[in-house]
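The block underneath contains the structure these notes are about, expressed in structure tokens.
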Amino acid sequence: MGLGACLLGLLALFTAVKCSYSPEPDQQRTLPRGWVTLGRVDPEEELSLTFALKQQNLGRLSELVQAVSDPSSPQYGKYLTLEDVAELVRPTPLTLHTVQKWLLAAGARDCHSVTTQDFLTCWLTVRQAELLLPGAEFHRYVGGPEETHVVRSPHPYQLPEALAPHVDFVGGLHRFPQISSLRQRPVPQEAGTVGLHLGVTPSVIRQRYNLTAQDVGSGTTNNSQACAQFLEQYFHNSDLAEFMRLFGSKFAHQASVARVVGKQGRGRAGIEASLDVEYLMSAGANISTWVYSSPGRHEAQEPFLQWLLLLSNESALPHVHTVSYGDDEDSLSSTYIQRVNTELMKAAARGLTLLFASGDTGAGCWSVSGRHKFRPSFPASSPYVTTVGGTSFQNPFLVTNEIVDYISGGGFSNVFPRPSYQDEAVAQFLKSSPHLPPSSYFNASGRAYPDVAALSDGYWVVSNSVPIPWVSGTSASTPVFGGILSLINEQRILNGRPPLGFLNPRLYQQHGAGLFDVIHGCHESCLNEEVEGQGFCSGPGWDPVTGWGTPNFPALLKTLLNP
């Protein structure tokens, strides 16, 4: 049946199941480990669903990101406002009219859009939602260490074919909240003598990355930074205060978060939530800090998607955002992954520096038709974010050179082609690395990550008033690198320069200048006879384990201060 036959008016649009299509046929719908179903949701219960509307002028948006992010461009640093982005990507009047009428006919209510008008969030009863989205069947699930409740559909949903030019996907049906991959490692046993430290603290970070007591925010600019949390976790201001009392006495710092966006409950603090805030605010010391917090959202909402909506609805945002969220690329529908990538591109056009953790499973591993392959992570693999890998000290008790932390996520995207800004660096790695895995394990022409790294092993965190040692993961390295970029933004703003914005084109043009090159170690991968648990290995220059390396603050400041 053709598209024209489906356009027989609003009633046909709403009821024509025969003219339907699946927007996300490749979305993984298997129940994640640790989740159980509690049964069907009452038909009269209400849901909040998000409709991603088709955008315009994405080719032009991509060109503008390149222009404002490339130091050799006359447009460098001339970022777009949210209103500029809205003018560019706003859906057509036909799309807005068609989708709104379809939802209205289905009984949707309290619909809210965003400034860019490319998302619409509406309330419907379960009965209305299942009629609107044939095939969907809403169940309640519980899972994760926090015993989180969510509402999802184990079956694919359909949309009327007439909506194909107007809707990308519907959020709130399939994707489950992530579970933290942070781990508390046992105390290393290899130290033969008393060392200089017993785990990573702000003073260790500042010593290794050459930050002095004077390398803090001035308190005189509108500079700000943020971390985003999508776990069902809270941080406690009292934990932040205790952390700074224990570990922050040698540098000026702020004792509390400037703004919490979202609901901040009174439950027990989570280690990851605590770590994000404590290390962003101690590396980016004395800089105003926001926290995006997902707890308190409706059960049908996807926390990461809700964060993207917030970015599209706020004109004035922090310059640096650090995010410890990731999913396997293959677990996400191609429609969803491409649309999220567009949202990250919108942020880059506005001059936001988005830092994502590279993940904690090395190169990853999965089996495709009986063959093992590495398993890239998203959004770490997006070409519009700066991805942060992880390192360890060569001697775990001394502030020494860094080596690869074996968990450091890295590899090559199976979705996104290699962006031009990293062509030279990746080609050099592929040509010169003496330890390349078999070519069947990775897509050598894909976007390669991470871009940079920082220490990810052996952190002290204060959570629920208790100091906890040896916490490890790229969730730790990411806020540290973000805080250091915020200090550089501070100096740029004081010198009348725009903030750094999307860093990668400049980072690769400058061949990692201002970073300590990490040249020893490999990360983990498939435990089979062919690769024996080894993924990629680091070496001179860029590599897909630690990127260009870890920050040497004075040198990085000098490299990134001008223009």
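These residue numbers are counts, starting from 1, taken along the chain as shown.
Positions of Cβ are set from backbone N, Cα and C atoms, glycine also.
Listed in TrEMBL:
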| type | residues | note |
| --- | --- | --- |
| SIGNAL | 1-19 | signal peptide |
| DOMAIN | 199-563 | domain 'Peptidase S53' |
| ACT_SITE | Glu272 | active site, charge relay system |
| ACT_SITE | Asp276 | active site, charge relay system |
| ACT_SITE | Ser475 | active site, charge relay system |
| BINDING | Asp517, Val518, Gly541, Asp543 | Ca(2+) binding site |
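Counted within 10 Å of its Cβ, the other Cβ atoms near Asp517 (Ca(2+) binding site) come to 19, all protein chains included. In terms of Cα distance, the recorded positions that sit within 10 Å of Asp276 (active site, charge relay system) are Ser475, chosen from Ser475, Val518, Asp543. For Glu272 (active site, charge relay system), other Cβ atoms within 10 Å of its Cβ number 25.
Within 10 Å of Glu272 (active site, charge relay system), counting C-alpha to C-alpha distances, fall none of the binding-site residues Asp517, Val518, Gly541, Asp543. Each residue contributes its Cα atom, and for Asp517 (Ca(2+) binding site) and Ser475 (active site, charge relay system) those atoms are 21 Å apart. Of all the Cβ atoms in the protein chains shown, 31 others lie within 10 Å of the Cβ of Asp543 (Ca(2+) binding site). In this structure the alpha carbons, written CA, of Val518 (Ca(2+) binding site) and Ser475 (active site, charge relay system) are 19 Å apart.
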